[in-house]
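So the structure is just underneath, and the comments pick up after that.
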Amino acid sequence: MSNMISLENITFKYPGTEKEVLKNISISIKEGEWTAIVGHNGSGKSTLAKLMNGLYFPEQGTVTIAGIQLNEDTVWDTRRHIGMVFQNPDNQFVGTTVQDDVAFGLENHGIPQDIMVERVQTALKQVKMDDFLNQEPHHLSGGQKQRVAMASVLALRPDIIILDEATSMLDPAGRAEVIELVRELKREEDMTVLSITHDLEEAAKADRIIVMNQGEVYREGTPEDIFAMGQELVDLGLDLPFPLKMAHVLTEKGIPLKQNTLTEEELVNELWTSFLSK
Amino acid sequence: MMEKMIFGRYIPADSIAHRMDPRAKLIFVFAFIAIIFIANDVWGYVIAAAFTYISVKMSGLSLRFLISGLKPVMILIAFTFLLQLFFAREGNVVLDLGFIQVYEEGIRQAFFISMRFTLLVFMTSLLTLTTTPISITDGLESLLNPLKKIKFPAHELALMMSIALRFIPTLMDETDKIMKAQMARGSDMSSGPLKDRIKAIVPLMIPLFVNAFKRAEDLATAMEVRGYRGGEGRTKYRLLFWKARDTFALLSLVLLAGALAAFRFWI
């Protein structure tokens, strides 16, 4: 499979500052893959997303999106390949109603009106918000607003979706809604997903995790590999998912569990079978 | 009182006025504002009032609902009435209270001006009551479109208006939240002398402004990411349809103007 996004030797400073936010970073993301980038606040993970979308340009190194090298001339072409969902559900809702918001991106791309109506419908159906066409944003929950944001992205038919802390302002129910939706979309549409998060529970659902620290790639691997780091992750300022924490505490108390328990189900299975293997 | 206030609100319903093209409604209201100034005698105002009454009927809203909703505006109208009554000094003195005199012309002016004011408030309220803010914005953009030739930013203006409208409830919620947060910290906003109360607004406004700017920045990023590069090459999701009833509505205005002019100049 080909690379959807590839970053080569990226170094970046914010204009007017001295500190290097990103230091010599190389990452590649394959088509159809769900990658999570985790790291504590200030690790440079959000800056990375902004570089991929040409909101900033790197000082050194190259960004290639779907085979197009990103620079000031190609920025609008590469943006067609990427859809982004941001952190604050309110601040990315441009339209006065749900359907206007989904149509906003289509209007920008000059899509004819009859096709627009159809695409707005389909996109809202995909996120199960098609009953809310004329609803105004302040009558929606955070999770619903993020789903509309996803629909706005889907209507543009991108190849890549970047979730930039998209679930961090939601309540647990809203968070689960959005993550479930991403999983469905990935399965049905074969999209490339990049989620930037500090929630390891969200990251656990990805195919691959990249851990960032101090502007550098600290570790890269499958969720199992990454969670095997245990205490090291906590030292990096990340919060372990509950089943993992539970397993660690149990191990400390003298009840060793054999495998890494990433989900609650795995933990429960491990617990109720642990006496059998004694 | 605020719940009953209908000035600037939209009331959903299915009526001829609701179904009219927002462009027609905008032209209608602005033309009416100009035409009403032709009337300068009793008959002129009777005709204009009858015309307004028919317009209200077309909107499917009850006259009583409109009157009760516009009560706060009525206070302003009553004030104008009194101002005209006492300060216009022409014609014979009708009433002499010693310290103040009421003149014939004063009574005439007071009645006419408050009547004109009332009709204007009714008509403009009808516009907002029967048209969603977003339709008004669409209509305005479409009407101002020809001005793009002289570099008038019609699209930008319409987009600004629609974003402002979209963020009103969001910022209201935020104000409420900040107010509660400041109250929890012991700030007192609802009592004490006026000077203190004004001072208490400062810690409310500053976080609100800071947050509004942050929101604006986020919004700009989100818009850019979704491919917004200005009005050029954009298509519209909402279409406007000019129907026969829109033309008839404007024709009725021509009739009104003709009738009022006839009374003013020939009869």
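Think of each number as a place in line: the chain as shown, counted from 1.
Using the three backbone atoms N, Cα and C, a Cβ is placed for every residue, glycine included.
Long-range contacts of the transmembrane segment (B:26-54) within the same chain, counting only residues at least 6 positions beyond its ends with a Cβ under 8 Å from a Cβ of the stretch, are 20, 63, 112, 115-116, 119-120, 122-124, 126-127, 136, 139-140, 143, 249-250, 252-253, 256-257, 259-261, 263-264, 267. Annotation comment: TrEMBL describes B:26-54 (among others) as transmembrane segment.
For the transmembrane segment (B:66-88), same-chain residues at least 6 beyond its ends with a Cβ under 8 Å from one of its own Cβ atoms are 1, 4-7, 56, 100, 102-103, 105-107, 109-111, 113-114, 117-118, 121-122, 125, 129. Positions annotated as transmembrane segment by TrEMBL: B:66-88 (among others).
Per TrEMBL, transmembrane segment is recorded for B:109-132 (among others). If one looks beyond the transmembrane segment (B:109-132) by at least 6 residues along the same chain, the residues whose Cβ comes under 8 Å of a Cβ in the stretch are 6-11, 13, 15, 17-18, 20, 22, 25-26, 28-29, 32-33, 36-37, 39-40, 45, 48-49, 52, 55-56, 59, 61, 66, 69-70, 73-74, 76-78, 80-82, 84-85, 88, 139.
Here the transmembrane segment (B:152-172) has long-range neighbours at 133-134, 137-138, 140-141, 144-145, 208, 212, 215, 219, 230-231, 234, meaning same-chain residues at least 6 beyond its ends whose C-beta is under 8 angstroms from one of its own. What TrEMBL lists as transmembrane segment is B:152-172 (among others).
What TrEMBL lists as transmembrane segment is B:248-266 (among others).
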